[in-house]
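In what follows, a structure is listed as structure tokens, so that the remarks can point back to it.
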Amino acid sequence: MTGIALGNMELAIDKKRARLAVSLVYFCMGLAFASWASRIPDIKTTLQLSDGVFGSILFALPVGQFLMMPFSGKLVTRFGSHNVLKFALPAYTFALSGIGLVQAGWQLAGVLFLFGIFGNMCNISVNTQGVAAERLYGRPIMASFHGGWSLAGFTGALIGLVMVNLKVAPFWHFVVIILIVWGIVKINYPYLLRSEAHKGKNEPRRKFFMKPDGILLQLGIIGFFSMASEGAMFDWSGVYFKDVVKAPDSLVILGYTSFMIMMATGRFLADYLISKIGRKRLMRICGIMISGGLFTSVIFPYLIPSTIAFMMVGLGVSSIVPTVYSTAGKQHKIPPGIALATVSSVSFLGFLMGPPLIGFIAEAFGLRYSYAVIGVFGIGITLLVAKVKALQSEG
């Protein structure tokens, strides 16, 4: 057992058990999101939506996330991340089940909006937990938490592959996932890090959204490019393999699965690599892999080259967001929850713009060439990382 004060957190816990609990919450969130992503091609086909219309509908999810961000940070600071998770995670899974019931495009947009709202509350809460756990350990472990999210994405993709081939309807697929998530959370919730919630009596009033300082803005822009790339892969990889690569129906999910496998692998390796080569150097390499992978898939839109290319993109995006969040959470001027919400507000503009941008460009020029535009974001990451002062001492 360890007792330690961390800002507004007073901890007296078993470090390993707390770390496992936080990791499993990341896993549950990733499993829920991957389950939705694995059924995107089916839902798009069932609702008979064009690329442009579907891209517009996908806009609803990140809009919900983005609009909720400043409120999530305030809620986490006021009530504690573990208390917010107690409400937000069940609501997130209920929204997932709603996706499986939609019968029209406008219904899908509405449910995705709610899915985004509750997902953001979970996201800010669990990343606040991750920052506290990393401080408790005194060494980089944030990437391993995000690795749990990615591992869940891989697991969710495999479950999705089985469900698709068994012709299980999305709703019943999502019900199975919800039961799994509820079971895991019920067992592990008592071990999450408890925070001392601010009731506002002795605290200065803070704005819901704080204007980013130079460091937070720089981190947010890097996160923007990474999340735009992630969003493109999450929402469009299945459609890309179906319409551009012309993969058989049983292998349409291969692109998404290969991407998620390598993203998980990269995140579990990232903490070790950071200790060896530094954050800055690792992030620059990641930017090169993102652009290289996407350009490869555009030039060689065939099953094997595109699968390898998507694996490269997975490795590329693996370390960017965990590093951005970890660095933001270490700022001492504002509480971690609000710092994370502020950086996320900039970063998630990428998630907000990436998938719809793919849809609009695909409508005009074809889905294949829309991926080349996203590839430019990887170059942006490589160039910008060199200018981030918070990473200058990291090698």
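Note: Cβ is positioned from N, Cα and C throughout, glycine not excepted.
No curator has checked TrEMBL annotations; they are predicted automatically.
Annotation source TrEMBL lists transmembrane segment at 20-40 (among others).
Annotation source TrEMBL lists transmembrane segment at 52-72 (among others). Sequence-distant contacts of the transmembrane segment (52-72) (same chain, at least 6 residues past either end, Cβ-Cβ under 8 Å): 44, 84, 105, 108-110, 112-117, 119-121, 123-125, 207-209, 231, 235, 337, 341-342, 344-345, 348-349, 351-353, 355-360, 362-363.
The feature transmembrane segment is assigned by TrEMBL to 84-102 (among others). Sequence-remote contacts of a segment are chain residues at least 6 beyond its ends whose Cβ falls under 8 Å from one of its Cβ atoms, and for the transmembrane segment (84-102) they are 25, 28-29, 32, 35-36, 39, 43, 47, 72, 75-76, 108, 111-112, 114-115, 118-119, 121-122, 124-126, 129, 169-175, 177-178, 181-182, 185, 189, 192.
Positions annotated as transmembrane segment by TrEMBL: 108-126 (among others).
Beyond the ends of the transmembrane segment (147-166), by six or more residues, the same chain brings 23-24, 26-35, 37-39, 42, 173, 176-177, 250, 253, 256-257, 260-261, 263-264, 266-268, 270, 318 to within a C-beta distance below 8 angstroms of the stretch. The transmembrane segment annotation in TrEMBL covers 147-166 (among others).
As annotated by TrEMBL, transmembrane segment applies to 172-193 (among others).
According to TrEMBL, the transmembrane segment annotation covers 214-233 (among others).
Per-residue pLDDT, averaged over the domain 'Major facilitator superfamily (MFS) profile' (215-395), rounds to 86. Annotated domain 'Major facilitator superfamily (MFS) profile' per TrEMBL: 215-395, in sequence order.
Taken from TrEMBL, the feature transmembrane segment applies to 253-270 (among others). Within its own chain, the transmembrane segment (253-270) has Cβ neighbours under 8 Å at 34, 37-38, 140, 143-144, 146-147, 149-151, 153-154, 157-158, 160-161, 164, 233-234, 237-238, 240-241, 245, 247, 282, 286, 303, 306-308, 310-319, 322-323, counting only residues six or more beyond its boundaries.
Feature annotation from TrEMBL assigns transmembrane segment to 282-302 (among others).
For the transmembrane segment (308-325), same-chain residues at least 6 beyond its ends with a Cβ under 8 Å from one of its own Cβ atoms are 127, 130-131, 142-143, 145-147, 150, 219-220, 222-223, 225-227, 229-230, 233, 237, 255-256, 258-267, 269-270, 273-274, 279, 282-283, 286-294, 296-297, 300, 340, 343-344, 347, 378, 381. The annotation transmembrane segment is assigned in TrEMBL to 308-325 (among others).
Annotation source TrEMBL lists transmembrane segment at 337-362 (among others).
The transmembrane segment annotation in TrEMBL covers 368-386 (among others).
As a quick check, the transmembrane segment (214-233) and the transmembrane segment (282-302) clear the bar of 3 or more Cβ pairs under 8 A, pairs 6 or more apart, so the two touch. Sequence-remote contacts of a segment are chain residues at least 6 beyond its ends whose Cβ falls under 8 Å from one of its Cβ atoms, and for the transmembrane segment (337-362) they are 51-52, 54-56, 58-59, 62-63, 65-66, 69-70, 72-74, 76-77, 81, 120, 123-125, 127-128, 131, 206, 209-210, 212, 216-217, 219-232, 234-236, 321, 324-325, 328-329, 331, 369-371, 373-374, 377. Sequence-remote contacts of a segment are chain residues at least 6 beyond its ends whose Cβ falls under 8 Å from one of its Cβ atoms, and for the transmembrane segment (20-40) they are 85, 89, 92-93, 96, 99-100, 115, 119, 122-123, 126, 129-130, 133, 144-146, 148-157, 159-161, 163-164, 170, 173-174, 177-178, 180-181, 184-185, 188-193, 234-235, 238-239, 253, 256, 260. Panel annotation: around the transmembrane segment (282-302), residues 222, 225-226, 229, 240, 244-245, 266, 270, 273-274, 308-320, 323, 368-369, 371-372, 374-383, 385-386, 391 of the same chain, lying at least six beyond its termini, place a Cβ under 8 Å from a Cβ of the stretch.
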